[in-house]
Amino acid sequence: MDGGNQSEGSEFLLLGMSESPEQQQILFWMFLSMYLVTVVGNVLIILAINSDSHLHTPMYFFLANLSFTDLFFVTNTIPKMLVNLQSQNKAISYAGCLTQLYFLVSLVALDNLILAVMAYDRYVAICCPLHYTTAMSPKLCILLLSLCWVLSVLYGLIHTILMTRVTFCGSRKIHYIFCEMYVLLRMACSNIQINHTVLIATGCFIFLIPFGFVIISYVLIIRAILRIPSVSKKYKAFSTCASHLGAVSLFYGTLCMVYLKPLHTFSVKDSVATVMYAVVTPMMNPFIYSLRNKDMHGALGRLLDTHFKRLT
């Protein structure tokens, strides 16, 4: 397993966060519980939105797609992690590692872009309510979502293709929970300057520009809310944005904990922060968006009531 270029038959060893059998058992049950909560929560959000005509609006259209992305995101990483925690064989093939990396990178970018589009939706709803129906037409919503998908797919392809040019030497042991770009680049023995340059350039375009757009949108939203004379209307306007603002803060906060640092300082200690954006954020999003949302409460109640009646 030493030296030379990777071939299709070569493997990495995903050792995870701990090599202690006792700790691995604890981690297994913890991640299994979090995975099941994430799957159930996001599936319920998708089903509730699809089954309730009152939720067939741009905001919930994007929320359903965000839930689908989060569902896909955790399914890309956690099942393999659970298998590794219960197995002595912790190997992942080179092709499997790159596949996991591709979906990881693409889906993080997609999550980011959808959150930016949702910020625009909230801006139009609060700042231009009279033009909301025309400004957020079904055609525009589909166009915006399609653009998010195209950009995220291209972003993932660029970095995955560049990773195939990297040579790995020495130990193939990855003290991490999945195949993560920074971890793989730290293991490289070839020149990764082009990877690093492209990572910064594309990262600024895919992450910093949407993040800046989100910040500007919320500055304008808060200004508009403060101008509303009625206290009850202020509260209603803010409550429609609070859940999205919470999701944005959680997503970017955890992402910054991992990636807002030089590549050479990246270490296995960052795996804890990675768990936050890779596992905790997708798990928390359904709770954040439904906690104080009466429309979502009603839709979920009707959905569960219908299914319980069918069972009885």
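Keep in mind that glycine also has a Cβ here, set from the backbone N, Cα and C atoms.
Around the Cβ of Cys97 (disulfide bond), the number of neighbouring Cβ atoms within 10 Å comes to 24. Secondary structure at Cys97 (disulfide bond), taken from DSSP and collapsed to helix, strand or coil, is helix. Annotation comment: Swiss-Prot describes Cys97-Cys189 as disulfide bond.
The N-linked glycosylation site annotation in Swiss-Prot covers Asn5 (among others).
The annotation N-linked glycosylation site is assigned in Swiss-Prot to Asn195 (among others) on the grounds of sequence analysis. Just so you know, the Cβ of Asn195 (N-linked glycosylation site) picks up 21 other Cβ atoms within 10 Å once every protein chain is counted.
The topological domain 'Extracellular' annotation in Swiss-Prot covers 1-25 (among others).
DSSP states for the topological domain 'Cytoplasmic' (50-57), grouped as helix (H, G, I), strand (E, B) and coil, give 5 helix, 0 strand, 3 coil. Taken from Swiss-Prot, the feature topological domain 'Cytoplasmic' covers 50-57 (among others), and the record attributes it to sequence analysis.
According to Swiss-Prot, the topological domain 'Extracellular' annotation covers 80-100 (among others). Sequence-distant neighbours of the topological domain 'Extracellular' (80-100) (same chain, 6+ residues past either end, Cβ-Cβ under 8 Å): 6-16, 24-25, 27-28, 31-32, 35, 160, 163-164, 177-179, 184.
As annotated by Swiss-Prot, topological domain 'Cytoplasmic' applies to 121-139 (among others), with the evidence given as sequence analysis. Taking H, G and I as helix, E and B as strand and the rest as coil, DSSP gives the topological domain 'Cytoplasmic' (121-139) the counts 16 helix, 0 strand, 3 coil.
A mean pLDDT of 85 is what the model gives for the topological domain 'Extracellular' (159-196). Feature annotation from Swiss-Prot assigns topological domain 'Extracellular' to 159-196 (among others).
Long-range neighbours of the topological domain 'Cytoplasmic' (220-236) within the same chain, counting only residues 6 or more positions beyond its ends whose Cβ lies under 8 Å from a Cβ of the stretch, are 122-123, 126-127. Per Swiss-Prot, topological domain 'Cytoplasmic' is recorded for 220-236 (among others), and the stated evidence type is sequence analysis.
Among the features that Swiss-Prot reports, topological domain 'Extracellular' is placed at 260-271 (among others).
The topological domain 'Cytoplasmic' annotation in Swiss-Prot covers 292-312 (among others). Break the topological domain 'Cytoplasmic' (292-312) down by DSSP state and the numbers are 18 helix, 0 strand, 3 coil.
Annotation source Swiss-Prot lists transmembrane segment at 26-49 (among others).
Per Swiss-Prot, transmembrane segment is recorded for 58-79 (among others), and the stated evidence type is sequence analysis.
Summarising the annotation, Swiss-Prot assigns transmembrane segment to 101-120 (among others) and lists sequence analysis as the type of evidence. Away from its own ends, the transmembrane segment (101-120) comes close to residues 59, 62-63, 65-66, 69-70, 72-73, 76-77, 144-145, 147-149, 151-153, 155-157, 159-160, 163, 178-181, 184, 206-207, 210-211, 213-214, 217-218, 244, 247-248, 251, 255, 277-278 of its chain (Cβ-Cβ under 8 Å, at least six residues beyond either end).
Per Swiss-Prot, transmembrane segment is recorded for 140-158 (among others), and the stated evidence type is sequence analysis. The list of residues near the transmembrane segment (140-158) in space but at least 6 beyond its ends in sequence, with Cβ under 8 angstroms from a Cβ of it, reads 58, 61-62, 65, 102-103, 105-107, 109-110, 113-114, 117, 120, 198, 202, 206.
Annotated transmembrane segment per Swiss-Prot: 197-219 (among others), in sequence order, evidence recorded as sequence analysis.
Two recorded stretches are said to be in contact when at least 3 C-beta pairs lie under 8 angstroms, sequence spacing 6 or more; the transmembrane segment (197-219) and the transmembrane segment (237-259) meet this definition. Taking a C-beta cut-off of under 8 Å and a sequence gap of six or more, Cys189 (disulfide bond) has these contacts in its own chain: Thr167, Phe168, Cys169, Gly170.
Counting only the Cα atoms, the space from Asn195 (N-linked glycosylation site) to Cys97 (disulfide bond) is about 17 angstrom. Under DSSP, residues within the topological domain 'Cytoplasmic' (220-236) fall into helix, strand and coil as 13 helix, 0 strand, 4 coil.
Residue counts of the topological domain 'Extracellular' (159-196) by helix, strand and coil are 16 helix, 4 strand, 18 coil (DSSP-based).
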